[in-house]
Amino acid sequence: MDRSRYNQPVGGNEVAALLVPDNSEPLPHLNNSTQRSVLFNDIVRSTVPYLVNAKALWIFAPLSLASRVFHWSSISTSIFSILAIIPLSAILSNASDKLSDASGDLLGALVNATFGNIVELTIGILAVIHGDTAFAQSVMLGSILSDVLLVLGCCFFSAAWRMPIVELSMILTGTFSSLMIITTVALIIPTVLSYTFGDSEPNIDKQIISFSRGTAVVLLILYIAYLYFEFVTHKELFEGEPEETAGDNGEDDSDAPPTPIAPLGPWQHMELDMRKDTPSISGLLGSFGVFISSALAIVLFSRFLFDSINETSKTTHISRTFIAIILIPIASNSLECVTVVRASESGRVEFAVGVIVDSILQIALFVLPALVILGWVFGQAMTLDFEAFQAIIMFLTILLVNHLLSSGIYTYMHGILLVAWYVIIAAAFFLRGDI
């Protein structure tokens, strides 16, 4: 069966064609790197207005502040803070993308690694500083599970709902699968060591701490290597199929006259100007100001959320573990989920999967190891020794997802299976409570 007829990969001029009217030709002078940047900005910036203009969400920012100042109930503070973070994340993402346009792919990736998961990073830092390392671990695990099950499941469902089969590049999925397997094993080894030795080794706690810190350093180096691999040496793997420049007779037709381009509309002119012109200093300063202010606001509301969690858990009888693994990641990844769904609905499935895996690797290779190093600095025993049930769930989840990615062929049922597995896990953590 010729599976390629179901879903053609989007790359080269096909990407540019998505940005211009159907009756016009793609822009042939754009290289793959520029197309990839424009593709990302097109999706994110078309997604941001849905959240930025959601006036019902913006009201929760002052409500969260008022709840904190006037000492309203902890439940209201938690709910208002979670909902206030959603539109602020959209603003931060938009400003981050504009700064990335001017700073380049590699530096932009580092910025996104630091601020793309700012909610998890902020709550993780607060938890480590206060010695609540188990809560920090739970937030990191929850973010990974949310990305790999809920967001990826929505991606597959939205992409395959209108077509029989969706295909992905085996080279790309193979690279992602290998990275996730290695990362998961590295995160689980400290847990295995802890439960293998148990109380038979008197210095096991110190050894686990030392091993976790050493592993964290290795994971940070691996993340830098991954960024270099993605944006420098093998960037063509992440840019879709190369343009075909040869004719049917195999001869090079690069000297042929350029294809006439239909007149561009206002949106296309704006995109073309963005690709050709260097951003103005005033524009960059404005984006930087929005970036910093929205980041600080997210940090503030994340602090409100963290401070109210204990009382909220006692009042509602919802475990802190459930809040950390399920509720916080859902709020934090809401913008990413909307972006991925919009991309996959447009047929850009490889791009959507790349966004998801990038987010997973940012948590596993950057944020979590950084928290271990931070605990080292503050004298806190932040380790990679997860609670046994959490480690088993993470390992089984990564095995399941890698099995799905290995086939390279997907239907909407794959998306339903992933979301169903996420619901089962959420129910298990809800019933299990805090251990």
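Even glycines carry a Cβ here, placed using N, Cα and C.
Taken straight from TrEMBL:
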- 70-94: transmembrane segment (TRANSMEM)
- 75-231: domain 'Sodium/calcium exchanger membrane region' (DOMAIN)
- 106-129: transmembrane segment (TRANSMEM)
- 135-159: transmembrane segment (TRANSMEM)
- 171-196: transmembrane segment (TRANSMEM)
- 208-229: transmembrane segment (TRANSMEM)
- 284-306: transmembrane segment (TRANSMEM)
- 287-430: domain 'Sodium/calcium exchanger membrane region' (DOMAIN)
- 318-341: transmembrane segment (TRANSMEM)
- 353-376: transmembrane segment (TRANSMEM)
- 388-405: transmembrane segment (TRANSMEM)
- 412-431: transmembrane segment (TRANSMEM)
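The DSSP breakdown of the domain 'Sodium/calcium exchanger membrane region' (287-430), given as helix, strand and coil counts, is 124 helix, 2 strand, 18 coil. For the transmembrane segment (318-341), the partner stretch with the highest count of Cβ pairs under 8 angstroms, out of 135-159, 171-196, 208-229, 353-376, is 135-159. Of the candidate ranges 171-196, 208-229, 284-306, 412-431, 171-196 has the most C-beta pairs within less than 8 angstroms of the transmembrane segment (388-405).
For the transmembrane segment (171-196), the partner stretch with the most Cβ pairs below 8 Å, chosen from 135-159, 353-376, 412-431, is 353-376.
Here the listed stretches are 70-94, 135-159, 208-229, 353-376, 412-431, and the one with the most C-beta pairs under 8 angstroms to the transmembrane segment (284-306) is 70-94. Same-chain neighbours of the transmembrane segment (353-376): 109, 112-114, 116-117, 120-121, 124-125, 128-129, 133, 136-137, 140, 143-144, 147-148, 151-152, 155, 168, 172-173, 176, 179-180, 183-184, 187, 212-213, 215-217, 219-220, 222-223, 226, 238, 333, 336, 339-340, 343, 382-384, counting only residues six or more beyond its ends whose CB sits under 8 Å from a CB of the stretch.
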